[in-house]
Amino acid sequence: MFSVIKNDKHSNARVGFLNLPHGRVDTPCFMPVGTLGAMKGLKHSVLEKLKCNLMLANTYHLYLRPGIKTIEKYGGLHNFTTWNKNFLTDSGGFQVFSLSSLRKIDLKGVRFKSHLDGSYHYFTPEGVFAMQEIFGSDIIMPLDICSSYGIDYNEANLYTNITTNWARSTFKAYKNRKEGYNGLLFLITQGNFFKDLRKRSINDILELDSPGIAIGGISVGEPREKYLEILEYSSLLMPKEKPRYVMGIGTPHYILDAIYHGIDIFDCVNPARIARHGSLLTDNGIMRISRKEYKDDTSQVEKNCGCTLCTRYSRGYLRHLIKSKELFGIILASEHNIYYMFRLISKIRTAILNDNFLNFRTSYLKKYEEENFDE
């Protein structure tokens, strides 16, 4: 299922691959986020051209719209979307728990209020697994509690215990999955920013021996040094033979940090989100195309990029589209940023294979260390 081809000599970075039901996925792997089964503003053909073999979709959003019954009538998420590569489906736990006042947690699940129409719903670990089984997801993520940075120890302990119990329920459902379903379950470790809780969570999850393992609940607003502390601590406790996934990271410097510590898979909406505000990823840092200096700039955004924007249009034209709030500008910028992320991952793989990852990381971080990805 998972094989490591090369371990970097100077870090825990590694190159490998996952064999999934809809094809091989090379690692390290950046997953584009297609919340509702598609990336905002991008055709599947763009991702296919990039040889993207794994996309993330979200169970919470698909449950609310179009609904499980609709997707079931189509024979699953792949048929519904016509995406013939792999889907990892998130449980929707992060979205549910982001609702704060609109949800209520108990030991068996979570009751929440739809952000669409105000109707009430109840998610259980078993129910969330069953939905993803209907989707035909290639990687299933369990219902968990992603707790906020800054909560006290007692609250973090409670949420960690609930997450572990839900993982056990999900794993039981996975062991009793429908005949013929061959998707993989990646269980999620939690523990907030308390090392003893992290250690206990990881040990409890490892006892279940799921095919893959994820680190949840980091990159949730904490200082970068706390992110790095828990990332390093958690990764060192994880077995090397399992694929590792850090949920919700997608900025270049966070990805480089994760790969350095042996993480194989990551996802984030950030590249597409910042594109909608006119921020473009380049080898020299972020280009904020709305700035006046680009008004009459006839050059391309970046050389050696094969996206539609860089092969046809100028910086000045893109600035005009973004300033005018034209949808076409957002589409061009989004495609560029996704192209950039895939080129970056390709360069990282090459660096690891050549035992040059540390030099690559050091050089790259000089350009991106101080960037503000929220602009």
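Backbone N, Cα and C define each Cβ position, glycine as well.
Summarising the annotation, Swiss-Prot assigns active site, proton acceptor to ASP90 and lists sequence analysis as the type of evidence. DSSP assigns ASP90 (active site, proton acceptor) to a strand segment in the three-state reduction. Counting only same-chain residues at least 6 apart in sequence, those with a Cβ under 8 Å from the Cβ of ASP90 (active site, proton acceptor) are LEU56, ALA57, ASN58, THR59, TYR60, MET141, MET247.
Swiss-Prot lists ASP267 with the feature active site, nucleophile, giving sequence analysis as the kind of evidence. Counted within 10 Å of its Cβ, the other Cβ atoms near ASP267 (active site, nucleophile) come to 21, all protein chains included.
Taken from Swiss-Prot, the feature substrate binding site applies to ASP90, SER91, GLY92, GLY93, PHE94, ASP144, GLN190, GLY217, supported by sequence analysis. The C-beta environment of GLY92 (substrate binding site), restricted to residues of the same chain at least 6 apart in sequence and closer than 8 Å, consists of ASN58, THR59, TYR60, HIS61, TYR63, PHE123, VAL128, LEU143.
Feature annotation from Swiss-Prot assigns Zn(2+) binding site to CYS305, CYS307, CYS310, HIS336; the stated evidence is sequence analysis. Reduced to three states, the DSSP call for HIS336 (Zn(2+) binding site) is helix. Counting every protein chain shown, 27 other Cβ atoms lie within 10 Å of the Cβ of HIS336 (Zn(2+) binding site).
The region 'RNA binding' annotation in Swiss-Prot covers 248-254 (among others) and is backed by sequence analysis. If you average pLDDT over the region 'RNA binding' (248-254) in this model, you get 90.
What Swiss-Prot records for 272-276 (among others) is region 'RNA binding', and it gives sequence analysis as the kind of evidence. For the region 'RNA binding' (272-276), same-chain residues at least 6 beyond its ends with a Cβ under 8 Å from one of its own Cβ atoms are 32-33, 39-42, 286, 330, 333-334, 336-338, 373, 375.
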*Using DSSP, what's the helix, strand and coil tally for the region 'RNA binding' (248-254)?*
3 helix, 0 strand, 4 coil
*How many whole Å apart are the CA atoms of CYS310 (Zn(2+) binding site) and PHE94 (substrate binding site)?*
35
*Please compare the binding-site residues GLY93, GLY217 by how many other CB atoms fall within 10 Å of each one's CB, and tell me which has the fewest.*
GLY93
_Under a three-state reading of DSSP, tell me whether GLY217 (substrate binding site) is helix, strand or coil._
coil
